[in-house]
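Undergrad: One structure coming up, written as structure tokens, with questions to follow.
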Amino acid sequence: MDRAIEMSEQNTENQSKPPLIELNAADILKEHRKERRWIYGLRFLRTIGFLMATSVALILALRPNVLPWEQLRSNSPHTAVIDIAGVIENSAQASLDTLQRSIQSAFENELSEAVVFRINSPGGSAVQASLLYEEIMLKRSEYPNKPVYAVIEDLGVSGGYYVAMAADKIYANQASLVGSIGVISSGFGFTGLMEKLGVERRTMTSGHNKALMDPFAPLTLEHREFWQTILTETHNQFISLVQESRGERLKVAGNTDLFSGLVWNGARALELGLIDGLRSVSSVALDVVGHPKIVDYTPRRDMLSRFAGRMSVEILELLSRNTTNFF
């Protein structure tokens with residue numbers, strides 16, 4: 001009897017416990033639900049991160065100079081710095097169209113104690129270099145108490161040096177390349193290749209000089225002399241500006257190659273009077289201006305603008321290979 005009761009209790013206890021298979025299935029289901037919650041959570045965080053990154057990228061692309069932290073960057077006395085980098089040409093980073101607003105902002109800000117133009121340029125368009133020079137000179141006349149300095153880093157030659165002359169003083173590194181006071185116009189002639197290919201050039205003009213510098217026609221002596229006159233006149237304008245800008249600092253006597261288009265390192269440029277000292281941007285800000293805090297006013301162009309500008313420049317270069325350049 002007692003044994004029967006004991007067996008009955010064991011059966012009841014066994015019936016109250018779920019089978020081992022059912023326990024394992026429940027545990028697996030719980031773990032699966034946890035994993036799914038983690039996966040959904042990570043996906044949600046990734047989505048939020050992607051949206052935030054996209055938003056920031058759009059702000060940077062569409063309004064690169066209107067950022068919350070940019071508004072706080074110039075709330076104390078500082079040295080304003082503007083980069084003139086790369087080839088000086090229309091629609092490029094180093095052009096009046098791109099830099100005009102930055103130049104205006106740097107000069108009109110009462111907290112900018114001086115404006116420093118950091119130059120890394122091989123030159124470029126004579127027109128664009130002249131426009132930048134004239135804009136800086138205009139601002140100097142509007143803000144006569146705000147000193148202007150140019151600091152040549154790797155390269156400040158031809159048009160790059162032309163722009164630097166708008167500053168009160170020019171500085172460079174002892175290994176910087178400075179000078180190249182000259183003018184060049186280059187192109188190609190394809191007449192020999194056309195003859196080999198059996199291609200005939202057919203050009204009709206209403207003026208006998210309208211096809212001047214046509215790369216598909218032989219260069220005549222008349223056209224060569226005419227274009228050389230243009231280059232010489234432009235070169236003389238460059239020389240006159242250097243002499244006027246540097247004045248007595250320029251060591252012309254005995255230096256016949258000064259205006260020949262040669263370049264010199266910073267140490268030699270200092271001896272020739274092309275620059276006023278050997279300093280970096282930070283050195284100028286600290287020791288010359290007296291305000292080591294540097295605020296960069298250089299516009300950061302969005303990717304779409306850079307691409308569009310580059311494409312327009314390439315098209316213009318293809319259409320006209322004989323533009324007068326300070327190279």
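In case you wondered, yes, glycine gets a Cβ from its N, Cα and C as well.
Not my notes, these are from TrEMBL:
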type	residues	note
DOMAIN	145-284	domain 'Peptidase S49'
TRANSMEM	40-62	transmembrane segment
Undergrad: Over the domain 'Peptidase S49' (145-284), what is the model's mean pLDDT?
TA: 86
Undergrad: In the domain 'Peptidase S49' (145-284), how many residues does DSSP put in helix, strand and coil?
TA: 53 helix, 23 strand, 64 coil
